[in-house]
Amino acid sequence: MSLALEHADGSWSWMVLLASLVTQALTASFPACIGIFFADLQRDFQANNSEISWFPSILGAMLQAGGLGMSFSFQSSITVLGLYFVRRRALANALASMGISLGVSLWPPFARYLLENLGWRGSFLIFGGVLLHCCVAGAIIRPVAPIVPKTKEDPPLPSKTPAQGCLAACVSAVQHHLAFDILRHNAAFCIYTLGVTWVFMGLSLPQIFMVPYAVTHGVEEYRAALLVSTVGFCNIFLRPVAALVTGRPYFARYRKYLFTLALVFNGLTNLVCALSANFWVLIGYCLVYSVSMCVIGIFLFQVLMEIVPMDRFPSALGLFSIITGIAALVSLPLAGLVLDTTGNFSYVFYLSAFFLTSAGLFMTGGFYYVKKKEEKGTQLKAVETISETSLIQGPESQEGKDSSKEQPPPEIVTSV
């Protein structure tokens with residue numbers, strides 16, 4: 001039995017939760033502060049919006065889909081929670097996602113301070129040192145399987161089957177670690193992956209372009225950086241409350257639909273931001289926006305854990321991250337191209353609203369269709385089982401009745 005199952009929800013699980021929180025605070029929330037450097041990067045490199053947008057886009061794609069730095073830290077911090085928590089898994093995911101909110105609150109003011117004193121080159125050097133703290137968090141996450149001491153055994157007999165070639169071994173490893181079979185046979189996973197891929201086309205646009213949008217409309221740079229921090233600060237308090245409420249049995253049945261409802265609400269909220277660039281209007285937008293973002297952050301991986309069996313979750317998460325990472329790579333350059341073409345930041349928020357709203361509606365319809373199909377299949381299977389049982393028991397009961405009729409009446413002996 002794995003160590004995770006032996007000590008699920010134990011004392012060390014909470015240390016792992018703390019390590020996951022710190023890792024997500026350092027990695028997943030880091031792209032939120034990139035918008036502060038947009039103006040300086042454009043000036044130094046003499047680039048337009050679509051060209052500069054590749055910088056946070058590549059960073060986000062590597063965070064989601066690959067890379068030897070943030071991706072390994074971020075993906076491990078998510079996967080390990082499903083192994084160390086069973087009964088309190090929803091609460092653990094919500095508390096760990098508070099790290100993203102904490103990072104979104106602290107990264108922008110910190111980046112603004114470093115930019116004013118060290119410039120963007122010095123700021124990135126400091127960022128590298130801060131991100132090295134992921135190594136400390138990684139040391140806390142122990143292996144989930146116990147180390148079994150090696151025993152002296154006879155050497156195995158040589159196998160007569162031919163060894164796999166290099167290409168066949170690579171294909172077998174890819175099929176084992178990337179859950180392509182789940183994508184083919186699990187309709188809910190397919191719908192969720194496609195929907196979230198569409199979501200990632202617009203999810204990060206408001207946080208990246210909010211600061212330059214406010215600055216171009218006369219808001220001071222320091223106050224503009226506080227807008228992103230407001231979203232993160234509100235999420236620090238909203239996520240635990242939302243996790244406790246949605247963790248109750250009544251709401252647990254509707255997690256998928258709460259997630260899609262939050263996506264639609266988030267998309268419609270972005271339309272409000274496009275109407276006015278007044279600082280206090282943007283503050284109100286950030287407060288409302290943070291409500292939907294906290295629900296999205298809580299359920300993004302929780303819904304995936306419900307759709308996919310836990311023993312296949314790491315493989316499913318890898319494939320899920322690669323596909324969504326492609327969307328994260330394309331979204332910001334597309335928004336930058338729209339901004340260069342129109343010269344109006346409002347169209348960026350319209351684009352985000354379109355992606356989020358349409359993805360929420362698509363997943364709502366898809367989940368409802370899969371649920372009805374599964375219920376219909378369960379009913380048909382129950383009817384077939386009853387029919388087979390009646391066919392098997394029918395002849396046996398009839399034979400029993402015939403044999404009882406053929407038996408002669410018993411003789412009663414009254415004397416010897």
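Every residue, even glycine, has its Cβ placed from backbone N, Cα and C.
Curation plays no part in TrEMBL annotations; they are all automatic predictions.
According to TrEMBL, the domain 'Major facilitator superfamily (MFS) profile' annotation covers 1-376. Residues or ranges marked as transmembrane segment in TrEMBL: 12-38, 58-84, 91-110, 122-141, 189-210, 222-245, 257-281, 287-305, 317-339, 345-370. Among the features that TrEMBL reports, region 'Disordered' is placed at 391-416. Residues annotated as compositional bias 'Pro residues' in TrEMBL: 407-416.
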Other than its close neighbours in sequence, what residues sit by the transmembrane segment (122-141), given a CB gap under 8 Å and a spacing of at least six beyond its ends?
15-16, 18-20, 22-23, 26-27, 30, 37, 69-70, 73, 76-77, 80, 111, 114-115
Name the range, of those listed as 12-38, 189-210, 287-305, that has the largest tally of Cβ pairs under 8 Å with the transmembrane segment (257-281).
287-305
What average pLDDT is reported by the model for the domain 'Major facilitator superfamily (MFS) profile' (1-376)?
80
